[in-house]
Amino acid sequence: MKTDRCKKLSCKEQPLDPERPGRIESLDVNSSPSLLLNIALALQHVLVLSSLCALVVDTLIQEVDKERIVAYVLFCSGISTLLQSWIGSRLPLILAPSLDFLIPALTLLSAQSGTAVACRGQCTEPEEPVAPAHPIRELKGMAVVAGLVQLAVGLTGLAGFALGHCGPLVLAPLLCILGFSIFREAALFCSDHWGMAALAIVLLVILSQHLHYFLQLSVFSVCKRLSVLLSVMVTCGVCAALVHWGHVHLNSVTQMLSTKRNATFIQSRNGPHSSDFGFPNDSVPWLDFPLPAPALPLLSGKSIAAGVAGGLSSSISSPAVYVVAARLLKVPVPPAHACNRGLCVDGLGSVLSGLMGAPVGLCSSVPNACVIGLSQSGSRSTVQLAGVLLLILGVSPQLAQMLCSVPLAIHGALLGVTYTLAVATGITYFQHADVDSGRNIFNIGFTVFMSLALPRWFRLHSSFIQTGVPSVDVFLQSLLTLPVFFVGVLAFLLEHTVSGTLPERGLVRHEGTKKILSLADQQQGYSRSPDAVYDPPPPVMKVLDLSGLRTVPFCACRSPPVEEVVVAVPEMSSLLPDKDAGVSTILPKLVFE
């Protein structure tokens, strides 16, 4: 029997199905969990987001500014998340920094300082690096430019058009590489203390996959939904006890990424640091409302080049995250207008992030989307509450510091487990195509191998690209070291240039509209229409229906109008109308995206 506390967290769940042990009812997009459960689920999203912040901010920012910069990133992420769930794609997604911005930022810093920072710890740096003049201002300029690129791709409708022409053999390698792209950073985080990382991973797997199968009680369904939060809390408690007793010492990510650091923008850390939650910094203020940075972003040629590269890569990864979230939620793939609106919100978030003083742009977070699969909870109200929590953290650098004090090994465990769901989601798309076809075997193998090998080679040989124009060098080096950009371009080109039949490619032609559709959507048997998930609220739809917003560039963000087809009845032998047939019947025509 449930206790009163369990009833408050139960979200009105149905009993477990005895024929399918361990299966609990998923919370869909429009569901409303109970208040306590909703707060706990929102905290899970915030913890996962903090892993990406630890990766990006710890790598780029000085320790003296890190807490305030993290607060700016969280504040901008909260605003963008609320906009995304309201007027964007409407999927329960969190906007956060990602590798799409980190790699170009490292390339930009490398070009400024004359070092090989973009190698991410795998290259030998010169003994006397040259200090960059305005690193943070150029990083902010890169974020603004990346946001403008995202806005341009969304407003022109390129994102929705490209997603509509991505079959299973494009999405499968794209999602796999999207998940594999973080393995090096996750391993670096876990190497801070493999014991704590292993403890967090084991707890997460047991709580999310095993516990409710052996003990079929309703309280354990709550453990599955809160597997991330409970795993982090238990592991943090063990780490705190070991640190207090002096048995472990936790290192920062910058110490793992390079052995010889640039002292001008990465401060040496000989004593306790902010990654160690046992030593908080009392000088950090509790309240500091984020305001636009007094120093404007610097739009140099190099920052513009890095921003364009980051914007293009994020314009590929964000629609892929939409597909992951839709697949885990068991809803149709986002239509073109929802994808375009979502990317526009990503662009607005990146521009706001750069203007507020954050050094990176924002796009849809891969691990937060994968948490939907772990917790079986994809409520839109949960991410909206998470956005509110991010706003609260954004106005308090002290709270942001506490969030960043989670050991890096735990961050690595979270990234390692959550990104695996993106890989698994990509693998599920192979079932809809002919995997025995020689065409498909070549396309998949060539795309995956080249997307892993070439970016690694260009990272190890950063001096290979020397055109004589520094901004062009930064642009090419950034693009060629981004695995997601590689796999997106290669998979799309091979799919549409190598001949193959529609069933072989996992596609089918609709009999009524003659449009080519993906078998992944047809065989899934979705019970919910796309309009119920992706259409914005009525006030937003009224604004988009204004005559001034029906043209370019806003037409790409509007829902397509419902066409009407007049079906005329054949003329009767007598001129009088038949009682069983009308003169004409008006039927709505469903527009297939």
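The backbone N, Cα and C atoms fix where each Cβ goes, glycine too.
Taken from TrEMBL, the feature transmembrane segment applies to 35-57 (among others).
For 69-87 (among others), the entry in TrEMBL reads transmembrane segment.
Long-range contacts of the transmembrane segment (142-163) within the same chain: residues 101, 104-105, 108, 297, 299, 303-304, 306-308, 310-312, 314-315, 318-319, 322-323, 333-344, 346-355, 358-361, 363, 492, 552-557, 593, each at least 6 residues beyond the stretch ends and with a Cβ under 8 Å from a Cβ of the stretch. Per TrEMBL, the feature transmembrane segment maps to 142-163 (among others).
Counting only same-chain residues 6+ beyond the ends of the transmembrane segment (169-187), those with a CB under 8 A from a CB of the stretch are 55, 99, 120, 316-317, 320-321, 323-324, 366, 412, 415-416, 419-427, 429-430, 433, 440, 443-444, 447-448, 451-452, 483-484, 486-488, 491-492, 495, 505-506, 520. What TrEMBL lists as transmembrane segment is 169-187 (among others).
For 194-214 (among others), the entry in TrEMBL reads transmembrane segment.
Marked as transmembrane segment by TrEMBL: 226-246 (among others).
For the transmembrane segment (382-400), same-chain residues at least 6 beyond its ends with a Cβ under 8 Å from one of its own Cβ atoms are 27, 33, 38-39, 41-43, 45-46, 49, 67-68, 70-79, 81-82, 85-86, 92-94, 280, 284-290, 368. Here TrEMBL flags 382-400 (among others) as transmembrane segment.
Positions annotated as transmembrane segment by TrEMBL: 406-429 (among others).
Tertiary proximity for the transmembrane segment (441-458) is limited to same-chain residues at least six positions away from its ends with a CB under 8 Å from its CB atoms, namely 169, 172-173, 176-177, 180, 430, 435, 464-465, 477, 480-483, 486-487, 490-491, 494-495, 498. Residues or ranges marked as transmembrane segment in TrEMBL: 441-458 (among others).
Annotation source TrEMBL lists transmembrane segment at 474-494 (among others). Within its own chain, the transmembrane segment (474-494) has Cβ neighbours under 8 Å at 99-100, 103-104, 107-108, 111, 118, 162, 165-166, 169-170, 173-174, 176-178, 180-181, 302, 305-306, 308-310, 312-313, 316-317, 320, 443, 446-448, 450-452, 454-455, 458-459, 462, 465, 467, counting only residues six or more beyond its boundaries.
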Practice task
With pairs restricted to those 6 or more apart in sequence, evaluate whether the transmembrane segment (406-429) and the transmembrane segment (69-87) have 3+ C-beta pairs under 8 Å.
Solution key: no
Completion exercise
Beyond a gap of at least 6 residues from its ends, the CB atoms lying under 8 Å from the transmembrane segment (226-246) belong to 40-41, 43-44, 47-48, 193, 196, 199-200, 203-204, 207-208, 276-278, 371, 374-375, 406-407, 409-410, 413-414
Completion exercise
Per the Cβ filter (under 8 Å) with a sequence gap of at least 6 from its ends, the transmembrane segment (35-57) is approached by 8-11, 66, 69-70, 73-74, 77, 94, 96-98, 101-102, 105, 185, 189, 222, 225-226, 228-229, 232, 253, 275, 359-360, 365, 367-368, 371, 375, 377, 379, 381-383, 385-386, 388-390, 393, 403-404, 406, 408, 411-412, 414-415, 418
